Every structure is written in structure tokens, then in C-alpha cells.
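Here the structure comes first, spelled out in C-alpha cells, and everything after it is commentary.
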Ligand SMILES: CC(C)(COP(=O)(O)OP(=O)(O)OC[C@H]1O[C@@H](n2cnc3c(N)ncnc32)[C@H](O)[C@@H]1O)[C@@H](O)C(=O)NCCC(=O)NCCS
Ligand SMILES: Nc1ncnc2c1ncn2[C@@H]1O[C@H](COP(=O)(O)OP(=O)(O)OP(=O)(O)O)[C@@H](O)[C@H]1O
């Protein structure tokens, strides 16, 4: 029996969480990089301390938590500041994710999913094969992000501009899930992809 650590990526609001939720219903453990990104900045962490040292006390709320909308407004309009934030958080997210992978492996899991929006951008695609990319047209990303996050079109487009175009990720993919239609259709595609991945784990 092999061990498969596969990647799940896409772009802003392209449908990664929707696919991840379906995978979980089939018993697949999913490690969520966005959730780890929140863990490494919880009050009391050195991650949060470093961010406050770099970006100033105004990115911390009175209750000690990170002011996420405020930090987002800073980093999604300034590439250098975003790179700075990434350089603080990405190594910490990476370390935590590897620890989580090891835990699942020790537990005897054979198929584990790593869900992260910036896998391809960070040159990590080959660590997580097969790579599954969830894709929708950019206008659909914008519309769904605005609806979900109560964001303006400019805010949604600024985040998308901070990511590699989805078409480039599709080129790096082993499997592509088209989330441009119904959720049911996406679930069906997810089930098909998972069946193929499990097949690989058996060989
Ligand atoms: C800037 C922050 C505080 C904004 O928080 P917010 O709650 O508004 O967004 P959240 O973290 O839920 O991210 C939502 C989506 O935004 C996009 N996004 C987030 N960070 C980045 C980034 N550095 N570059 C490009 N896109 C990003 C992703 O598509 C992500 O799924 C937060 O996104 C952050 O700390 N980002 C840096 C860490 C990171 O790279 N996270 C994403 C991958 S691990
Ligand atoms: N097929 C679909 N039809 C309509 N809405 C959808 C569909 N798939 C997902 N959505 C909605 O679009 C939004 C984005 O989906 P989801 O959260 O799965 O994307 P994501 O890639 O995980 O986003 P992010 O990485 O930005 O957090 C959500 O509000 C979700 O409910």
C-alpha cells in the first residue's frame, strides 16, 4: 500500500473548500492551509508578534487578535508588503502542515489531501501529487467572492491579482475540477477524481 499526499488548489473562491468538504464526507483527511494560516497568528504566537513588529500595532485589535481586514487592505495593494507577510507566515504554515501530515501517516491514513491556494505560486506543486485544481472563470471567482466575503469588486480583483492566473494552475494540474456549474456536478467530479487517486494508492 502506498501513501498518497495529494494537493488541492485553485484561486480565490474557485471552490477548494467545496471540494474539500466533499472529500471529508468520504473520510479523506484534509489539511487546510488557510486554517493553519489562522493558527500561526493566534494571540500569544510569535507569528502574530512578528506581524505586529513589522506592520505596526494598528493591525492588532483591542482583544489581542489580528485585524484581518486591516492587514488585507495593506497587503493586497502592495506587493512588497504582501511578500513580507508571506515570508513571515509561509514557513510557519509549512512546518505545521508537515507535522499534520506526519500525524495522519502515523495513524495509518493512506490518502491525505493538502488544500492550499498558493501551492503553485510557492513552487510546491511537485510535493503534492497528484495535483487537483478547482477552476472557474475569473468573473465567477469575482462574483462568488463578493457574495461570500461581502467584498467589493476591487477587493476581489486585488486578491486575484496577487495569485497566479487559474489557467496557469490548470496547466500544472493532474486533475481539473470545473466548478462553473452546480455544486452537485462538482461533487460528482470530485468523487471521480477521488476514485482515481485511491486507485493509485493501491498500486
Ligand atoms: C491577509 C490576511 C490576514 C487576510 O485574511 P482574510 O481572513 O481576509 O482572508 P483568508 O486568510 O481567509 O484568505 C482568503 C483567501 O484569500 C487569498 N489569499 C490569502 N492570502 C493570500 C496571499 N498572501 N496571496 C494571495 N492570495 C491570498 C486566498 O485565496 C485565500 O483562500 C490573510 O489572508 C493572511 O494572513 N494571508 C497570508 C498568509 C497566506 O498566504 N495565506 C494563504 C495561503 S496559506
Ligand atoms: N458550484 C457552485 N455554485 C454556486 N456557488 C458555489 C459553487 N461552488 C462554490 N460556491 C460558493 O462560492 C464561494 C467560494 O467557494 P469555496 O469557499 O468552496 O471556494 P474556495 O476556493 O475554498 O475559496 P477561498 O480559497 O477564497 O476561501 C462559496 O461561498 C461557495 O458557497
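From the backbone N, Cα and C atoms, a Cβ is placed for every residue, glycine too.
Note that the structure is predicted; figures quoted are calculated from it, not measured.
So that you can see what the record holds, here are the features copied from TrEMBL:
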type	residues	note
BINDING	13, 14, 15, 16, 17, 18	ATP binding site
REGION	181-203	region 'Disordered'
Least buried by Cβ count (within 10 Å) of the binding-site residues 16, 18: 18
Close in space, distant in sequence - residue 13 (ATP binding site), Cβ under 8 Å, 6 or more apart: 141, 142, 144, 145, 148, 149, 156
Entry from the binding-site residues list 14, 17 having the most other CB atoms no farther than 10 A: 14
Secondary structure tally of the region 'Disordered' (181-203) (DSSP, helix then strand then coil): 20 helix, 0 strand, 3 coil
Conformational class of residue 15 (ATP binding site) under the three-state DSSP mapping: coil
CB-centroid shell, 8 A cutoff, ATP site 13, 14, 15, 16, 17, 18, site residues removed: 10, 19, 134, 144, 179
